[in-house]
Amino acid sequence: MRKWKRFLCIAASLCLAGLSACGGEENSGLSLDEVKERQGSFSAGASVHDPSIYEENGTYYIFGSHMEAAKSDNLRDWKRFATAVSKSNKLFDNLFEEPMKAFEFVGRNEEGGYSVWAPDVIYNEKMGKYMMYFCTTSTYKRSSLCFATADAPEGPYTFQDTILHSGFTTADTKNKASIFGDENFDMRKYMLTGDYNNLQWPNALDPSVFYDEEGRMWMVYGSWSGGIYILELDQETGYPIFPEEDKENEVDSYYGKHLIGGMHLSCEGPYILYDETTGYYYLFVSYGSLTAEGGYQIRLFRSENPDGPYTDPSGETFAMNVEDHSQYGLKMMGNYTFPSLPYSYMAPGHNSAFVDEDGKMYVVYHQRFSDKGETHEPRVHQLFSNKEGWLVAAPFATEGESIYQEAGGNKEIAGTYFYLNHGKDISSDVHEAEEIHLTAQGKIKNSDGKSIGEFSREKDSPYITLTLEDEEYQGVLVAMNDEAGNPTLCFTAAGSNNETVWGVKYLEDK
């Protein structure tokens, strides 16, 4: 999989039938009652938590927590090929063989079993191996980062070693040589009153690995605790390259460089994707708690360098000591619903992302639902870059959609849309779509006909600018089906206020 490559995504559109005349009366958009008659969704066929994507030869693989894995040929229908944390799971061939080194430091979890979480798979050309980086854990801060290798994407993966630990205490002092490989390792600076200082230092969870523009390999990791950190990896061995300490630039000689977060504020599941078109490294993270009512959501930062600094559309970063971290990072999506969905979509998060062979970019994450408890499924949405170089997600799961390329301006896209703003909240609140009208004259009106803003489509292009409540949002137009198969024209846009807005015009079938 070419994780570090990106081809120009704006190509000739294969627009859905019926969009060419969408400025006229026949395509002004369906009413609320008409849309509700066409509700529907789909099942992905598998449940994989914290899905990390890997593509090879047209097959897409997702690897998740609890040793779950599935594959697909279309990014919608998934078939599980590995499940359950047990020796019988053929994803690994030696993980539970003595001396079970992956669990030597962390031990058993509170249920008396073993926790294997958040894997990420990448092909290492220098080693000629598929490499899986993953974590084991037993408490909210006692964790180990590990890696395994295989000769095929589906495995079996052979556990190789642990590479990083968190959550140690004074009781571990006598085992420094076996834990850190150095009996002189100084544990004291990472501790507070005899225990691990998890407000300042990271939890060794949620690793993801990527290549930068120059071909160097990096691992970003972290969950809550002291935030998100990054280490360069040795491509010849797969082990971290431990840097020299540089306090001024927040570089630690063991944990690497601090990027964002800390003080045990919610921030986890980091994933970095390089886009050669924009020249940016995009850092995705999840805020909130992963339960359906936990306010889980996807946030985005970017940088011109793999190791930061990472900033959001407002130009700010999520520093160690911020009071309200909800104000930082572009909120790409949270809890939401549209009238064509039979239930609300809840707690999207812990995503990965990739660029496919055709140059299209996608975000891959797990999704919960308002009427299904903690049941979850993988979802894949296409990503687009707006004119400011910020990524915005299509409102619905991918199904071969294209960026909108029909000729014209405001008139051709005017009509009734269902609009929502994802806001910046970290809560269980659901953002519900409301009816608005885009006029041929560039006005945005609410359902009562009151003017609430303006919009402008760049002539003969997919780019759109919307101004609502004195905030400007830059985005793109997308022709796609919703999850019930209804044809739509959508906009997805981001503002410098770190908020994302979506709009959906439901079209008559042709």
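Glycine is treated like the rest: Cβ placed from N, Cα and C.
The active site, proton acceptor annotation in TrEMBL covers Asp50. The Cβ of Asp50 (active site, proton acceptor) lies under 8 Å from the Cβ of Gly64, Ser65, Trp117, Ala118, Asp206, Gly269, His350, His366, each of these being in the same chain and 6 or more residues away along the sequence.
Annotation comment: TrEMBL describes Glu268 as active site, proton donor. Around Glu268 (active site, proton donor), the same-chain residues at least 6 positions away in sequence with a Cβ under 8 Å from its Cβ are Leu205, Asp206, Gly222, Ser223, Trp224, Val285, Ser286, His350. DSSP assigns Glu268 (active site, proton donor) to a strand in the three-state reduction.
What TrEMBL lists as domain 'Extracellular endo-alpha-(1->5)-L-arabinanase C-terminal' is 409-503.
Per TrEMBL, signal peptide is recorded for 1-23.
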Point to revise | DSSP three-state assignment for Asp50 (active site, proton acceptor) | key: coil
Point to revise | Per-residue pLDDT averaged over the domain 'Extracellular endo-alpha-(1->5)-L-arabinanase C-terminal' (409-503), given as an integer | key: 98
Practice item. Run through the domain 'Extracellular endo-alpha-(1->5)-L-arabinanase C-terminal' (409-503) and tell me, per DSSP, how many residues are helix, strand and coil. Key: 4 helix, 55 strand, 36 coil
